[in-house]
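**Q** Here it is: the structure, laid out below.
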Amino acid sequence: MARYLLARLSGVVLILVLVCLFTFTVFFVLSPDPAVQICGKNCNPELIERIRGNLGLDEPLFTQFTTFLGGLFAGRAYGTGEGAVECAAPCLGYSFQSSQPVWEMITERLPVTVTVAVGAAVLWLLAGVVGGLVGALRQGTWWDRGAMVIALSGLSIPNYVFALVLQYVLVVELEWLPFPQAVTLADDPALWFQSYLMPWIVLAFAYASVYARLTRANVIDTLEENFVRTARAKGLPRGQVIRRHALRPALTPVATIFGMDFAGLLGGALITEKVFGINGVGKMTADAIGRNDQPVIMGVTLLAAAFVVVGNVVVDLVYTALDPRVRLTVA
Amino acid sequence: MTTPLLEVQDLTIAFPTPGGGSAEVVSELGFALPPGGSLGIVGESGSGKSMTSLAVMGLLPKGARLAGRIRLAGEDIAGLPDRRMRAIRGDRIAMVFQDPLSSLNPYYAVGFQIEEAYRAHRPRATRREARRVAVEAMERVHIPDAARRAGHYPHQFSGGMRQRVMIAIALSTEPDLLIADEPTTALDVTVQAQILALLREIRRDTGTGLVLITHDLAVVSEMVDDVVVMRAGRCVEHAPVARLFSDPQHAYTRALLDAVPRLDDEVGELRTVRAAAPDTPREGER
């Protein structure tokens, strides 16, 4: 177990360094000169040079990269002498736009994004698994068709369209919900719930569709398994046959993709957060892309990659608990 | 005369076919098994043997239409509602299937899967009692180190051991009738012999009735009193096992017996049975 974890975690670190290298190349080499952007209106060549010096952009590329990596793990200083700015580890640099440390910007907004992701996950798991199960057990009936038509629309309607329609209907026309507001659970639980409800629904709709179809297909396949016939031959009640012998094998693969989807969402739901004006990592990223705020984009990319890679390891560990045939081996 | 343990009369099983027709997979089948008796049902693939066993268990696939009578100790159980059939399945009639690996749930320890069969019919039984029964059943089918092995999963057993687990599941409730559908087909020849020996031993010790379904005449000859030979859903011959081998009445039975390869056979070529089971019996073909 310890050996396995060690092997996997070194793999994680390797992948993250590669992601760093890739994003670093894309954002700092292929994008316009950041010094020009920071420089602003009263710009002159001298000022640009000074900014370049402060950001370390006059160094060779490889040195810039190692400095960036070093900053992540040990912190770094921008500039030299009197005007030097100390950036503590994990240092992702400063936003070109607000001059705030990127790490701080992310950690400030992460709780909002986690709230969006967790709420949506609860909804889509419930809706997806229940919908898929109903479809499988009532195969060919109107229940089944209804569930699958809804699932298909969830897959085919772009979520910004759904978000806008939902907002228009629930907030503007019916006035059932207020415009989403930035409140915490502690401040005003009711308003908090109402503010997050629409983003949860919008995100969950798309995911639930995939989960419903997957669950339905898996349950139908599993019900055909010989061991389900054995369970029935034992004289077990139908509910037990389904719960114990069909649902568990059918949902194990669902658990795997759930881990990946959820980890992916922690990197921010760009469109949903942007549409509802939720100040999470996703909206921050969308804004940063619009303004070419490279350190922020890079920081978020790294964060999202880290979530997915670590999520993958967690999924594999959980899988060994779910399926007794799976054993951890170091490849 | 005592009431037969199992009596099947005029059993007909049909499936609807696309286009509104229906295909009979079993037609007017009849046989009887005395308490503690044993019966072999032999036939080629598709002859309706497995459908017959599933009909007795009340486990026919959806859409199957069933006519005729299936009496268990005098009570007609054909077409009984599932709730009542459930009380019989696994308790009075237990079944052992062909492929033990796919017939055991890979997600649960074998001990649990045996306990489950027992507890399904003994709702008041405690887990501890069920565990004791499970370990005893495993010991009865000669699984070494049963108490420890009960905690292992199906993939940790060999093919023969898995089939022993399946038999232990069937035995845990002390059924009156055991249906074994091709119990040795998926196993190595040496393991086959061990499993058959185990089934004989169990019959001797418990007096349970046995319906053995197989395509293998050699298996039948060592295991049962009577044999039903099926072809295309119909019984072509029903005879005590000794007579079937010494004096087969039907041409199809003779052809089947002829197709069994022998070590002392002079002919170098294997003989085959012509015309495998058709989808539906043609007119005049009986």
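The first residue you see is number 1, and the count goes up from there.
Backbone N, Cα and C atoms are what each Cβ position is placed from, and that goes for glycine too.
Remember, TrEMBL labels are computer predictions, not curated facts.
Residues annotated as transmembrane segment in TrEMBL: A:12-30, A:112-137, A:149-170, A:190-210, A:250-271, A:296-319. What TrEMBL records for A:110-319 is domain 'ABC transmembrane type-1'.
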**Q** Apart from its near flanks, which chain residues at least 6 from the ends of the transmembrane segment (A:190-210) lie with a Cβ under 8 angstroms of it?
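**A** Cβ under 8 Å, 6 or more out: 115-117, 119-121, 123-124, 127-128, 131, 150-155, 157, 159, 162-163, 166-167, 170-171, 177-178, 180-184, 257, 261, 265, 269, 272-273, 275-276, 278.
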**Q** Mind checking which residues reach the transmembrane segment (A:296-319)? Cβ under 8 Å, same chain, six or more beyond either end.
**A** 8-9, 12, 15-16, 19-20, 23-24, 27, 92-93, 95-97, 102-103, 105-106, 252, 255-256, 259-260, 262-264, 266-268, 281, 284-285, 288-289, 326, 328
**Q** Sort out the residues at least 6 away from either end of the transmembrane segment (A:112-137), same chain, that have Cβ-Cβ distances under 8 Å to it, and list them.
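**A** Counting only partners 6 or more residues beyond its ends, the transmembrane segment (A:112-137) has Cβ contacts under 8 Å with 143-144, 147-148, 150-151, 182, 196, 199-201, 203-205, 207-220, 223, 242, 247, 251, 254, 258, 261-262, 265-266, 268-269, 272-273, 278-282.
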**Q** So if I exclude everything within five residues of the ends of the transmembrane segment (A:149-170), which remaining residues of that chain have a CB under 8 angstroms from its CBs? That is, six or more out.
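**A** Distant Cβ neighbours of the transmembrane segment (A:149-170) are 131, 176-177, 198-199, 201-203, 205-206, 208-210, 212-213, 271-272, 275-276.
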